[in-house]
Amino acid sequence: MHRRSSGSPVEDDTEDPLISRTPTEPNGPNVVEPPEKSRPQVARTGTSFDLRRDTTGTSTPRSRNSSTWRTPSSSTMPSIPLDPRSAATIMPLASQRLPIEASPDPQPRSRPSRLRSPWPCSILTALTSLLASFFIFAILRSFAGRHTGGDGCGIPVMSPSFLRMVGFDTEHTRFASKYNLYLYREAGVDSYNQDDLGLNGAPVLFLPGNAGSYRQVRSLAAEASRHYFDVVRHDQERLRGGTRSLDFFMIDFNEDLAAFHGQTLLDQAEYVNEAVAYILSLYHDPRRSRRDPELPDPSSVILVGHSMGGIVARTTLTMSNYQANSVNTIVTMSAPHAKPPVSFESDIVHTYKQINDYWREAYSQTWANNNPLWHVTLISIAGGSRDTVVPSDYASISSLVPETHGFTVFTSTIPDVWIGMDHLSITWCDQFRKAIIKSLFEVVDVRRASQTKPRAERMRIFKKWYLTGLEQVAERTLSQKEPNTLLTLEDQSNTILPQGRRLILRELGHRRGPNVHLLPIPPQGVTGKKFTLLTDQRFDKTGDQGNLEVLFCSVFPLHNGKVSTVFSMNMDFSGGNMGSTRLACKNVAEDGIHLPASTHFSKHAYDRAEPFSYLQYDLEDLAEHQFVAVIDKAHTPTKGWLLAEFSDSSDSVIRARMGLGGLLSAGLNVRLPANRPMLTELKIPALHSSLLDYKLKIVRRTHGNQHELFAPLLRQSIPDPHESKFFVNVKDVNVNLHGVAPFMPPPLRDQAALGGVSFHLWTDPSCESTVDISLSVDIASSLGELVMRYRTVFAAFPILVVALVLRKQFQVYDQTGYFITFTEGLDSALRSSLPMLLLAMSLLASSLSTSHRLPPSDDPFRWPLNSTESPLDFTKNDLLLGSQDPFFWFLVPVFGLISVGICVILNYVALALLFILSFVYGIFKSKSGYIKRDDKGIPTFSAPTPRRRVINTIILLLLVSTTVPYQFAYMVACIVQLATCVRAQWHAKETKSTTHYNFSNYTHSIFILMLWILPINILVLLVWAHNLVVHWFMPFSSHHNVLSIMPFLLLVEAMTTGTMIPRVTSRLKHITSLILFSIAIYAAIYGVSYAYLLHHLTNILAAWLVGIYFVSSGFSVRRLWRIIEGDEGNYSNPQPGSTKKKP
């Protein structure tokens, strides 16, 4: 081998006796040119990359028949006398002897140059890519145009002022230079100065989310200050009950990226605990606080977290520096409690598991004394389909917290809000912030050291403010109240309606004075009856001077004429007659439910209109009462209406016993008769998946002459999580829900989400019209649901395709010596391994879905949770599609098809980029004259000296072990590989040699694989870069394992020399196939839930390829030491007679 001026060994095609050089002569046979005698032969054939054509100027051809590669037989092999030193090198691996070859089999072949181009693809690949592109376009179009409801949020008014707590310095926390603590004060409302902060109420701490700002609290804090100033401070009864202002503190996390890095999440939680301790200490300082000295000092802080701030809030209770009972109320907004938003980083996955395991273990304790979270309430509020940052399914806490300690609710459920919100608007939406602040004021009780009411009372308040009141868990106050109103009526009064008659009022005040209407309550023992009342008027509380009051009454006998002293209100409609009936009544205004107004002019549930008032009781709840009294208190004719009735469940409840297959094929059609109840409930248990959307149509067919009191009103709901959507003046509805979602852990309660979707339809039954309801699956709209639920799949499944393509490329290369292009490998995989693997994954998905569990009493893998039972395995939905529903088995081939299309797109984008860069590289080389050529004028593949490459690698590894995360080194490796691909493509184009094309295809495919692994590493790199920007130079406690990046670096460095990987022709070649096949299997099964392991599996592949390089080159520690010392002459291990030079 000749030593070039650059110091890198370059080998002629003719130097390899295992490569037949067969230029095609028009009038003669193919002739094999023997090795040149004047050049010494190299014992390690194929360990360096030949960058020259053969002596005739043509490259070795190859025959090609579709995607089938023919291996030459021994009979066709030309007999070439070989020097013993030029034979193929035998590479020992363990006890094996592995022949390594770097050149094609020596059989004459004919392979046109155009077939070497990486651009053409087969018809099968083109059709598959076209079909995949259609799916991608349909999914993205559906996602962009999906029905999520309008944006009806009001704009808040505020005058923010932020006071930095400069006293919270390094004496209190080691993060003082990175994070900051602030106090919010509303300018013009709160009185304060730098010395006197004006602390007077209960402390609340706001935690921003991933890359969030502490200023996001201003809408909530401003509403708290204004509501206290305008309302609460004037209500003496509430002040005596312990209600005070809310002192909003907030933490500036410097827009940290906690969603991508587990250690950052733990650092924030540690800082929060230190901030809580400091905040509580402020109330002990009389110079900072204006609290009544008779009140106890606060011992706990209410936490309000947005997005990842909600996870930080839960994490604080698991930290070692957490002060017991310093947090007992947590309210989160759009927080991904169930699973991390992305699984690209190992620490965030492990941290989530530790946090969730701690909470589950705490609530699994039988005794309260063993539960450190017994007094904690957790409310998770989700924005719904409008949130495209975090899937709202992840906000569910049904797998973490029992119903006695928390629940999940959607903003579309909250009364007087009724609107879905995106990830940011949930922090400032005017309607929503009012509901949040009012609920917090009700739970505050500064008379207690905890600053809040007891846990059971807090849960009752949160349910009242956040739930519709129609849920099974909704609490009624009727049975807990004492009668406070005495209602006196004439004995001969005709105000009592006959049993079973419906009360209809089309106008109020038509008698120009108070009037009472009595509905007799059916006797107990009649099952399935319930009372419903709907009106467009507000319910008056006792003593209010409105138009309508509803009472539940029982007969109250007269005792010695002294009855009025027992009641705070006496309503006498007897006219002074002696013969009268006295009723002891309870006011039910507190149990009133707000429903969005539905008129013929209504468009959205969140329209700024006076809501309807609604009452609903089961007959069992009215056991101690005999009458329902509706009192019309209007003195003049007033617009208003009311409908009240008792109905049977047999008439009002319809259960559709139809599966998804029936809905998909035929749909559901229901006709409601004209004599129906006011409220009809349609239950469809089959509708529980969040992956399907539906079309619901409601058509009214009027037969009577009565004018409708209100337009049809529809409520769509699921029991867990508490998601309700209201549709006013309903005609056509797009139904989407957050029910059973992929990859979600199973709930603690078995009955959760098993009831499916329920539709509550309120219609005016007095107009004698029939109503037709039709429901069908909306396939086009359903495609958009795949984006949020399976977005990580589109990063994991393409790695499956790339791994199978590389596997096919190595198989062909080891067999024939030709490293086929990526498109050729994809075409071959499409004809063999890829369909078989997708079929196997589909069968696996179906088997996982259809595998049934034992009954709860017989299942040994279940453990008790208080009075309920819960599955032990919360990771059973982490596999494959993340679903137990066999209906969706077809998603595996669909995702495989889409992944093929994505891989084809990325491949051509990479080829275009490499084409442009190689073109620029060629211009630069030609203009600079920096083109190294051999003695025949052929361009050589220049490379840094071995010493420089070894030193650079060692320096980078030292940096990884001390300062930078290994993800930084991986990005450097990707950049270096890009440069290698550019040079390889340029040299292949210039030399037109098969060996050059082999190397170009090889480097390109490795580059494609590294590109798909790059997103897994880039997020941690962003966290590290962000820390540098905020001048936080403390290195990560993780991500410094040099073994996680060393194989990648060595592999990339090996390719920078232009060295083609040697062929493996023994049985050890199956190791390459096995590793790549394992990567493909893992990407399909666990790639979504544990994507970070894909880097390490690919790292194993890189280590194996590096091992092939090293063993074939006779690598030893002694040689490495010589390279570092600068003695590079022995590196190429030249044969006797060659010239040895030192640089």
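Using the three backbone atoms N, Cα and C, a Cβ is placed for every residue, glycine included.
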Of the residue ranges 794-811, 1100-1117, the one that TrEMBL records as transmembrane segment: 1100-1117
Per TrEMBL record, range annotated transmembrane segment [choices 271-288, 613-630, 1027-1044, 1045-1062]: 1045-1062
Close approaches to the transmembrane segment (119-140) from elsewhere in its chain (Cβ under 8 angstroms; 6 or more beyond its ends): 66-67, 780, 783-784, 786-787, 823, 826-827, 830-831, 894, 897-902, 904-905, 908, 911
For the domain 'GPI inositol-deacylase PGAP1-like alpha/beta' (199-443), the mean pLDDT of the predicted model: 92
